[in-house]
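Novice: Take this structure first; my questions come after.
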Amino acid sequence: MSESSLQNEVAKRRTFAIISHPDAGKTTITEKVLLHGQQIQKAGTIKGKKSGQHAKSDWMQMEQERGISVTTSVMQFPYHNALVNLLDTPGHEDFSEDTYRTLTAVDSCLMVIDGAKGVEDRTIKLMEVTRLRDTPIITFMNKLDRDIRDPLELLDEVEDVLKIMCAPITWPIGSGKNFKGVYHLLKDETILYKTGQGHRIQEETIIKGLDNPELDEKLGVWADELREQIELVNGASNPFDKELFLAGELTPVFFGTALGNFGVDHMLDGLVDWAPKPQGRETDQQEGVSATSEDFSGFIFKIQANMDPRHRDRVAFMRIVSGKYEKGMKMRQVRTGKDVRISDALTFLAGDRSHVEEAYPGDIIGLHNHGTIQIGDTFTAGEDFKFSGIPNFAPELFRRIRLKDPLKQKQLLKGLVQLSEEGAVQVFRPLISNDLIVGAVGVLQFDVVVHRLRTEYKVDAMYENINVATARWVSSKDEKKLDEFRRRAEANLALDGGDNLTYIAPTMVNLSLAEERYPDIEFTHTREH
């Protein structure tokens, strides 16, 4: 393949994920983004569970029962001259580590905020993860078709709580029943809102300039209000600066309503124009890998079981970092040193699979996995390096897991280790007992695990509460000190699914004391795969 055609393929791609608090409208915005990409002719409405019209991006059986997106699915669609990869992230009350890890596989993020509620705690957590790589953030203030908080107050809150500068690109005219549309600060034009157009792309009425008499004609008293507001906004807010945006220090802000399908295209225009094309990545060698390098490489950031209820298969999601994937090509799995031929990679539109003939940097492909691929695995054209920056995150919730039938201990352990390799949950085996402790980032992961143990491994398990506040991976440069620590702190130590030594703390105070008592031991809350 010529270098210039590889560069062209890279230049037109944008790979991003959506971060939000549950119910801020992420699934609806995903629908509308796909509608603009012409993937779904009529956006699948996210309504009551009984309507039978399930959102296009919510799939496994459990999600369809509950109306939540538990798994990270991948959607690719064309928009203007770009090819956009959208990684959907589990967004409900609780998502899992998958959500965190997905953020390490994208080049930019769209942050969706409920205009009535402002910045919520899940959003704060997810923003912390994007900070690990200074990922550029675009913001969409949603639900303008309802009454929202004062827009300037919302911007202040984002700046204050998330420590990122805001540059408004569009500005709302009214909200709720009085929502009239938005003014585009960079284009100097007003775009009017029509209700009842949520399921299709609307013909927009655009009025150029703030002094245009047509504005008074169409908006009445709101026209003068808008002029005053824009004067205030121009004086009080940051102008858009692409370099600051790319450095993760400033976020362009768009206002709209995903449900009413208004403003989503303004945001997509910004994403395609400003968000970075696929970026290279750091490795464990001196040299990183550039996206335009001709040699193929990629890494696994997620493994999903049972996308196909008829087959007990698992699919490993790979982000391509460099080179070109071609059907039937050989690639090296660096961890095992084996060369594998991949002839049946997949692309997805949430649950609809299609086989890929070729794919490029920034694309996500699915590899069939019969238990041989793990999260964090690097695949190359033959070189031996490993991509860094695909972390495990310390769980925040813990349960002891018990069997209803004690004879199935072996199947339980097998199931839990496989589920932990997929990132569905983390498993800890205390050094001094036969307990099995399961750790998760969100409560829902526990339900998912019991459900999957029952349906995929025929194991009936239940949980008991356990007195664990947090876990930290432990290591030391001094082997003797580590051995001594292992002897003295044995009651609090466990091995995780990958046999890494872990400190299980009953309270945060206990953890602080342990860190003070053992200064030569490093306690970390993320661990590289």
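Cβ coordinates come from backbone N, Cα and C, glycine included.
Straight out of Swiss-Prot:
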{"type": "DOMAIN", "residues": "11-279", "note": "domain 'tr-type G'"}
{"type": "BINDING", "residues": "20-27, 88-92, 142-145", "note": "GTP binding site"}
Novice: Across all the protein chains here, work out how many other Cβ atoms are within 10 Å of the Cβ of K26 (GTP binding site).
Specialist: 28
Novice: According to DSSP, folded down to helix, strand and coil, what is D23 (GTP binding site)?
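Specialist: DSSP assigns D23 (GTP binding site) to coil.
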Novice: In the three-state scheme derived from DSSP, which category covers T89 (GTP binding site)?
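Specialist: In the DSSP reduction, T89 (GTP binding site) maps to coil.
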Novice: So how many other Cβ atoms are close to L144 (GTP binding site), meaning within 10 Å of its Cβ?
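Specialist: Around L144 (GTP binding site), other Cβ atoms within 10 Å: 28.
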Novice: Quick one: what's DSSP say for L144 (GTP binding site), helix, strand or coil?
Specialist: coil
Novice: Around the Cβ of T89 (GTP binding site), how many other Cβ atoms lie within 10 Å? Please give the count over every shown protein chain.
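Specialist: If we count other Cβ atoms within 10 Å of T89 (GTP binding site), we arrive at 26.
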Novice: What is the average pLDDT across the domain 'tr-type G' (11-279)?
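Specialist: Mean per-residue confidence for the domain 'tr-type G' (11-279): 85 out of 100.
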Novice: Using a 10 Å radius around each Cβ and counting other Cβ atoms from all shown chains, which of the binding-site residues S20, D23 yields the largest count?
Specialist: S20
